[in-house]
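A short worksheet on the structure shown next.
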């Protein structure tokens with residue numbers, strides 16, 4: 001006799017295929033979730049690593065900026081100290097010149113001529129004084145011109161002094177401080 005299968009085998013086959021499909025689909029979803037989780041963790045680790053690098057670089061930049069500020073301050077202090085040293089050296093170099101200048105003025109000052117003030121600005125010297133006559137002022141100017149430490153006398157003003165009534169003349173003259181013996185302006 002022929003066997004006839006009356007059981008709904010197609011329906012069972014369909015259910016079995018559907019179950020396999022759902023199982024494969026579920027496993028695929030789980031596998032996809034695992035892959036996505038792994039990728040997310042990997043990217044999160046990469047981001048954390050990069051953030052740590054960025055923080056390290058920010059810290060290094062802040063340290064370098066602080067060092068730069070300190071270097072700038074030190075360079076400013078260095079320039080200030082160099083300027084002070086230069087002024088001190090210049091003053092030390094000018095010490096003998098002042099002595100020579102006053103010695104020279106005392107040496108070339110003629111009789112009957114008295115100095116009220118001497119003002120020096122750089123190389124320019126302004127001399128204010130009293131003389132018994134115009135001839136004494138002229139002699140003083142000639143002496144300045146012949147001096148090794150003074151040069152180019154220019155009479156600014158000479159006027160009769162009416163304060164003490166002795167006929168003296170008040171004068172103002174300008175000259176330059178030089179060192180003719182070495183040929184240099186000092």
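Any Cβ shown, glycine's included, is placed from N, Cα and C.
In TrEMBL, the feature coiled coil is placed on 47-91, out of the ranges 2-46, 47-91. Mean model confidence for the coiled coil (47-91) is a pLDDT of 95.
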